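Working notes, structure below.
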Amino acid sequence: MIRDAETLQILLDSIHQFVDEVLIPRENEVAETDAIPRDIVEQMREMGLFGLTIPEEFGGLGVTMEEEVNITFELGRTSPAFRSYIGTNNGIGSIGILIDGTPEQKSHYLPRLASGELLSSFCLTEPDAGSDAASLKTSAVREGDHYVLNGTKRFITNAPHAGIYTVMARTNPEIKGAGGISAFIVERGTPGISLGKPDHKMGQKGAHTSDVIFDNVRVPASQLIGGVEGVGFKTAMKVLDKGRLHIAALSVGAAERMLDDALRYALERKQFGKPIAEFQLIQAMLADSKAEIYAARCMVLDAARKRDEGRNVSTEASCAKMFATEMCGRVADRCVQIHGGAGYVSEYAIERFYRDVRLFRIYEGTTQIQQVVIARNMIREATH
Ligand code: COS
């Protein structure tokens, strides 16, 4: 749902310009320094980018899902590290509080997340609990008016920058699966929290992940999201439904950027006396990429509109995430191919994008997990 087309267009234009004039020229700097420059963080704050999805009553822009995916198409056109820095506050780090938090939790945390004063992280994955998220072992034991948390969370995006962590932990050890899990908001400064070394990733330099270790961390009971035990896994799944749609939109934006770069290269690069864009085998790669991007864009918009209508889009979000991220991988591969040898050296952005986008098919649920979700939902609908 687009609330006001004109206002949205103004926002999209300003983000488009910001991406073209500020972010794209600094991509190499981010890759080389493995950091988002402070002045860019400041500009992102001023533009309200940390609070895009947080409702206006809490100081954000309160964009709808359809508006969000349109914005994400734009942000996807540059290094994913920029989007990652604001991504957790707009997505997996804040949505749990937004959808299931108590009024006090919302009013306490959301305004500071919206302004970018505070960063957040989503702590679900563990060393032994990745795709099988419901098997997580981090424990939260009630002691008076506190819970005591113990365990290790892995690959946590923005962990080194976050001021709060949304932590999924097992409050009921008797229930081995999803029903024993609760979600907590844990503040960074709480004694007993430490971080592992930053992960050395294949790509996405400038986006930081690490372990978050909880060693007898005492968390006030008031930090239990929604004040209800045993529903933390469902909170996490609802967060991921939305997150998956966001990653699908990001994949569309990144694929569009790679294809733009490849087309420009194919028009400039001459072989056999003419631009390689005139050769039909190059044209086939351009055309296949264009059509697949268009298909993914349509899927993302359709799923986003359905979510705005209040419909359950678990299936659509997984379809969009699976198709768009796999499409992005195919487009990355073809665009390296179009660049030829130049695609394998770091002078051209495609070499970096090829590594950066590989993660899209893995995080917020692998392609194989999306297949499981889609097929399970189909079977459930057919048999109930
Ligand atoms: N929205 C709301 N509730 C949901 C839900 C959703 N999208 N998906 C599942 N649930 C509920 C189920 O209805 C079930 O509740 P009941 O027991 O009351 O029926 C409960 O959550 C458990 O669901 P399920 O039985 O399907 O859980 P499984 O352990 O079988 O696993 C998968 C489900 C595999 C889909 C889940 O573990 C998953 O998504 N894994 C990938 C994790 C991931 O994406 N990690 C990325 C890292 S975070 S960046």
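A Cβ is built for glycine as well, from the same backbone N, Cα and C atoms used for every other residue.
Averaged over the domain 'Acyl-CoA dehydrogenase/oxidase N-terminal' (6-117), the predicted model reaches a pLDDT of 97. Annotation source TrEMBL lists domain 'Acyl-CoA dehydrogenase/oxidase N-terminal' at 6-117.
Summarising the annotation, TrEMBL assigns domain 'Acyl-CoA oxidase/dehydrogenase middle' to 121-217.
The domain 'Acyl-CoA dehydrogenase/oxidase C-terminal' annotation in TrEMBL covers 231-378.
For the domain 'Acyl-CoA dehydrogenase/oxidase N-terminal' (6-117), DSSP puts the residue distribution at 84 helix, 0 strand, 28 coil.
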